[in-house]
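Data block below; observations after.
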Amino acid sequence: MAVQVVQAVQAVHLESDAFLVCLNHALSTEKEEVMGLCIGELNDDTRSDSKFAYTGTEMRTVAEKVDAVRIVHIHSVIILRRSDKRKDRVEISPEQLSAASTEAERLAELTGRPMRVVGWYHSHPHITVWPSHVDVRTQAMYQMMDQGFVGLIFSCFIEDKNTKTGRVLYTCFQSIQAQKSSDLTHLDSVTKIHNGSVFTKNLCSQMSAVSGPLLQWLEDRLEQNQQHLQELQQEKEELMQELSSLE
């Protein structure tokens with residue numbers, strides 16, 4: 001029995017100007033990842049009517065298939081300066097997030113629309129467009145504060161194997177909670193045994209990696225203590241001999 005997963009956001013509408021800014025920022029360097037924040041609005045609607053006017057048929061199809069439509073509209077982006085020294089990591093500081101929120105409030109007053117920080121974007125130079133485990137964990141952290149928060153990834157500086165030409169891929173993603181073991185009722189016995197053996201093997205490997213150095217340290221410490229005890233016993237015997245000679 002398949003488990004249907006319902007995400008907090010059903011679609012994302014990225015303005016062309018914001019898309020060009022993200023794309024140019026991603027193509028600005030191939031040596032490290034770049035990042036930024038997205039400003040826009042989140043529309044909630046329980047009807048599938050013409051309120052959302054899109055030129056693409058894909059957006060319209062999504063709006064027709066769901067009962068409660070939650071669509072993120074990204075109108076502007078803010079380019080951020082890197083704060084992580086690792087080239088394959090990006091990190092948004094609280095100060096940067098606060099400054100982006102202030103800018104969103106300014107745009108809200110200027111346009112009269114409920115602008116706010118609705119997501120973040122970053123680049124993947126020379127690697128796949130799919131989010132890494134770090135990206136998924138970071139996205140989950142943001143979604144704890146705002147379920148409508150989305151993440152965008154721009155994969156660039158990659159070559160099409162067939163045409164030998166460069167291409168740029170981009171995607172939008174959100175994090176979801178993993179299925180509980182009780183939901184996996186469709187697994188057969190062989191799969192369960194295999195999963196159990198893999199889990200046991202990984203657990204033993206982790207325990208060995210943790211307990212191995214600890215046991216070695218305890219053995220070295222025991223050897224040092226025994227040697228020190230012998231030295232103390234020898235010193236005690238020498239002192240007893242000196243004491244007996246004085247008597």
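From the backbone N, Cα and C atoms, a Cβ is placed for every residue, glycine too.
Record features (Swiss-Prot):
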BINDING   H122, H124, D135  Zn(2+) binding site
DOMAIN    12-179  domain 'MPN'
MOD_RES   A2  N-acetylalanine
MOD_RES   S189  phosphoserine
MOTIF     122-135  motif 'JAMM motif'
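Long-range contacts of the motif 'JAMM motif' (122-135) within the same chain, counting only residues at least 6 positions beyond its ends with a Cβ under 8 Å from a Cβ of the stretch, are 25-26, 29-36, 89-90, 151-158, 169-171, 173. Using the Cβ center of H122, H124, D135 for Zn(2+), the list of other same-chain residues with Cβ within 8 Å runs, in sequence order, E33, M35, V90, S123, P131, S132, G151, I153, F154. DSSP assignment over the motif 'JAMM motif' (122-135) gives 3 helix, 4 strand, 7 coil. If you draw a 10 Å sphere around the CB of H124 (Zn(2+) binding site), it holds 23 other CB atoms from the protein chains shown.
Mean per-residue pLDDT, taken over the motif 'JAMM motif' (122-135), amounts to 93.
Shown in sequence order, H122, G151, I153, F173 are the residues of the chain, 6+ apart in sequence, with a C-beta less than 8 angstroms from the C-beta of D135 (Zn(2+) binding site).
Of all the recorded positions listed here (H122, S189), it is S189 whose C-beta has the fewest other C-beta atoms within 10 angstroms.
The two recorded residues H124 (Zn(2+) binding site) and S189 (phosphoserine) have their Cα atoms spaced 39 Å from each other.
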